[in-house]
Amino acid sequence: MRSGAWPLQTPERKTPAARGKRVMTEKKIGAPGMALCSRWRAAVAVGVTAVVLAGLGAAIWALATYIKTAEDTGLYDVQVSVADQRLRVFDSAQRRWRHVCSSGANQLLAAIGCEEMGFVRAINFSVTCAPDSSSSGHEFFCVKESELTYGKKIGTALYPCHCEKGQIVQVLCQDCGRRMLPEERIVGGVDTRQGSWPWQVSLQYDGVHQCGGSIISDRWIVSAAHCFPERYRHVSRWRVLMGSIYNTPIHKNVVTAEVKTVVYHSSYLPFVDANIDDNSRDIAVLSLTKPLQFTDYIQPVCLPTYGQRLIDGQVGTVTGWGNVEYYGTQAVILQEAHIPIISDAVCNAPDYYDNQVTTTMFCAGYEKGGTDSCQGDSGGPFVATDCVSIRKHTIKQI
């Protein structure tokens, strides 16, 4: 379960070609990954990248900002009111929230704002009358349009103003990370229920499960780069199965999608030199030939917000069809296990990984063992509930 950071663009975006990526359009993907095992101490996970994704016609990129363990979580610097969809941004200098004045960059503002909160994309935006100011001072934020750009936080392009236009921005974001069916918390590596993890997919080469993956939009799947070694690079032989807890196409809820392109990090070193044992930047994304239709059983997971932090002890969930025992066979039904994040200090102790956990990694699991991921689970998600909404699940690592 590892991930990295790198820039990506879809062909639709009119931006310079992304550097530091490898693209496969007719090659293979896949090596077995990791499953829910009963042997181990703490599972090392390479630190999550703040992956930002816009929907149709938008760029995907992973910002090289690693989410590190920290004591505080804080709220998002950007919020949208549930009641009226008004966009608000936190002024850290004045310790207050401000509405954002309408400008010629409203569409871009909406897209970046939704992504900064971890949503899939902006569905719509509009303007409404600004609330009455309590004084003649600068009560709002205005946009420096020339400084508003993907890959930078919204706050860097805003300044306090009086909003002479008298109109502020409203935004509607496409939701993510929601489990549409009733939740039931189960501890340990056990069978999951239909619809419990609707973003989980099975990546299959020639009809055989190789790795897990996660839906992040109607056209994109995120997984691990090591799932795509040289012998698995004929893209036309890959399929993505989703919508079911079974990883075979015979189940009635299974939807099968074809893969158009696979993009993996060019600095994933084992692909540069097979003798290098470095799991950094182990991330890949797959574009689909057709957009997905979301249902109760097929939903996107939320992506980490820019600068979001991990919390020691926070419990997340790993899912996959990997081996149910260390040297056992792969699971027939999707497995789930709930494991806590472990501090770097504990994980780097001599009795554990002895300073092998770098700043781009984090640990999750139980020191006593018993629950973990194993072969066949690679590329699948480690998700945790959002710090603001306990019903919103965000992918923390791959």
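Each Cβ is built from the backbone N, Cα and C atoms, and glycine gets one as well.
TrEMBL has this to say about the protein:
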- 67-174: domain 'SRCR' (DOMAIN)
- 186-398: domain 'Peptidase S1' (DOMAIN)
- 1-21: region 'Disordered' (REGION)
- 42-64: transmembrane segment (TRANSMEM)
Averaged pLDDT, computed only over the residues in the domain 'Peptidase S1' (186-398): 84
Residue counts in helix (H, G, I), strand (E, B) and coil for the domain 'SRCR' (67-174), per DSSP? 18 helix, 39 strand, 51 coil
